[in-house]
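Undergrad: My structure is below; once you've seen it, I'll send some questions.
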């Protein structure tokens, strides 16, 4: 192996070793959180007293991205999301779990299929449904998460 090949091999090995831990540190997705102790019970409690909860919401059966952790007024929270399978653009769910798993709060966002302008300014056409009786601060947190989407106008 010549010097250039050895250097290239070492660079690739270094990149692979650097990449592996970053992948291992990825935060769990909503469905993975619900498999961890404490989250499932809190999840079900969030829907207590609710009627006509869509199955994709109650089952957390849609696609999701990795969760994030943050602090709100000194209290740790885990934020997660999901969307309706095959209809993510029109149906989303954002969730905030208290860090101690004592409560969960959700925001279901729904958009109509028409008019065509819906996707240009979705906030104008959205309907919101709250789960778990979130405080004003938690509502603001979940709305900020929604508004952080570059496609949300």
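Cβ atoms here come from the backbone N, Cα and C positions, even for glycine.
Because the structure is a prediction, the values reported are computed rather than measured.
Just lifted these from Swiss-Prot, have a look:
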- 1-24: signal peptide (SIGNAL)
- 83-88: disulfide bond (DISULFID)
- 86: site 'Important for lysozyme inhibition' (SITE)
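Structural setting of the listed features?
TA: All protein chains included, residue 83 (disulfide bond) registers 20 other Cβ atoms within 10 Å of its own Cβ.
DSSP assigns residue 86 (site 'Important for lysozyme inhibition') to coil in the three-state reduction, outside any helix or strand.
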